[in-house]
């Protein structure tokens with residue numbers, strides 16, 4: 001812990017870091033005062049105003065992640081890794097130290113955020129001519145757990161950022177990488193999501209989205225304040241699982257990279273690290289690929305269709321039952337004919353008299369439209385009639401909605 | 001009285017440097033990662049791409065093993081070289097020679113290591129499939145079970161296992177013939193790429209169908225026109241014709257290997273050993 005604090009102080013000593021923190025504070029101050037200065041008709045308490053929910057907390061999370069990334073990347077560029085190696089620290093110990101440094105920096109970033117919020121709230125209240133009350137039941141809802149939850153979130157974001165820095169080994173690349181991975185929290189991404197819905201799915205599995213899910217769903221907050229309506233996973237457990245998976249993958253990548261660059265020839269350590277890398281890749285693929293791939297599956301590979309087929313309750317099975325019932329002049333139990341269908345109508349005669357081919361599935365463009373072809377032979381004359389059965393889902397089965405029919409072709413004479 | 005630091009049995013002593021030589025050699029990391037990723041995809045595939053509502057744990061293991069064995073064309077060649085073609089790195093061969101193993105013994109040990117590692121890799125792929133299957137059940141919740149629901153059939157698993165055995169045999173034989181690493185890998189992967197190129201144009205130029213027999217890999221090619229959704233990259237040979245072609249190729253390659261291998265393994269004479 002002392003090492004982490006010392007390392008955090010060294011990181012904060014850099015001019016770029018201080019500049020980034022100043023920019024963050026200014027952004028929070030401006031954001032807080034701008035949001036509330038025009039809307040304070042009543043006099044809220046300082047605590048309620050400072051902890052109220054707004055979008056500036058995402059700025060704090062992104063800043064924390066970038067700060068952690070800078071710390072993780074600096075580790076290599078300032079030769080601290082070499083000092084640790086000389087001091088006898090193992091790769092795991094070094095990585096743990098970087099993660100704890102990132103966590104400390106993140107919590108520090110969160111504290112600065114809350115202080116900025118308090119200052120901004122004081123300016124807002126006094127500037128709007130109200131009395132300064134520390135704690136009172138105002139109109140703005142008080143979320144007492146928001147303070148420590150944001151601190152933890154900033155710590156986790158910075159720890160993840162430190163792992164990104166460890167994996168990339170360059171401060172600039174680490175900061176850019178963490179901005180890409182956490183930048184989905186920015187309001188502008190929400191406006192893109194309206195046009196490209198897939199962003200919502202991707203956002204849910206990005207570290208920033210996972211962090212938001214972890215903190216704001218199932219956690220007792222009055223309302224989820226995510227800028228983007230997260231679809232999956234929605235539970236705090238899911239968010240934690242996604243975030244931990246990211247951390248595991250980043251850890252494995254950084255460890256694997258370190259091993260590749262080291263001169264160690266230990267067989268067991270190489271095996272272990274390669275195994276960890278493989279498992280990390282598999283977990284990442286298994287978390288991301290199946291939900292996205294399932295949505296992209298064609299209709300005949302969707303689980304609902306396969307399940308209906310296994311129960312013989314697909315639209316093709318319903319049409320088969322209907323055609324069989326028309327042929328036999330009666331309907332099976334449970335099959336209700338559509339209104340207005342009269343099986344004595346000549347329209348249905350080819351289905352009764354001819355050779356009928358239903359489907360097949362590969363010729364269907366959707367499950368709600370089943371083609372049926374009936375070929376009637378009268379002497380040397382072959383008449384082919386095509387039907388299109390339109391159906392609509394009803395519970396776990398399908399219901400006939402409309403049937404269209406037309407003569408496709410008439411062939412005179414014997415066919416080869 | 002048991003010795004704490006006594007002499008280890010020759011077998012375990014021999015196995016360890018061989019394993020180390022294999023695992024420290026070039027290309028093993030590629031093979032290991034490929035095995036794990038392919039095995040993991042085998043566990044993920046039924047839910048992600050085939051619309052299965054869930055995958056059983058044992059099914060994921062079977063699917064992982066099957067996928068790994070099917071993809072052995074990709075990951076096995078580097079291991080084949082490390083087991084059979086690597087001669088004197090780290091002095092392993094020297095150790096074995098000094099312990100009195102003859103050319104046949106050395107050859108048998110190389111093949112034993114190759115098949116041992118190939119089957120171990122298949123099992124690793126199976127466990128990777130379990131990891132992929134279990135995590136998939138979390139990310140895409142469905143019908144979770146422990147059994148074989150969602151696994152490939154016994155025929156497909158058996159075919160994949162046969163392919164693994166044959167690929168190991170062909171790769172090991174080609175390494176025996178060619179000797180050095182670069183030539184072996186170029187020959188093995190190059191002929192696979194040529195097979196792929198031929199099968200990609202076969203749909204548009206059916207007259208080239210006879211050329212399929214010129215590839216040693218055609219008998220174990222995983223994509224078949226009769227069972228594949230797309231004719232692209234699929235072999236149009238029947239299983240019988242493919243099997244016959246494969247058998248002829250194996251016999252021919254083994255004959256060449258049997259002729260060429262003794263020239264490469266030259267043991268020192270008893271006089272040289274004494275010196």
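Cβ atoms here come from the backbone N, Cα and C positions, even for glycine.
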Looking at the ranges B:212-236, B:237-261, which is given as transmembrane segment in TrEMBL?
B:237-261
Under 8 Å for C-beta pairs, could you tell me which stretch among B:21-45, B:57-76, B:155-178, B:237-261 has the largest tally with the transmembrane segment (B:114-135)?
B:57-76
Stretch of maximal Cβ-Cβ contact with the transmembrane segment (B:57-76) [cut-off: under 8 Å; candidates B:21-45, B:155-178, B:237-261]:
B:21-45
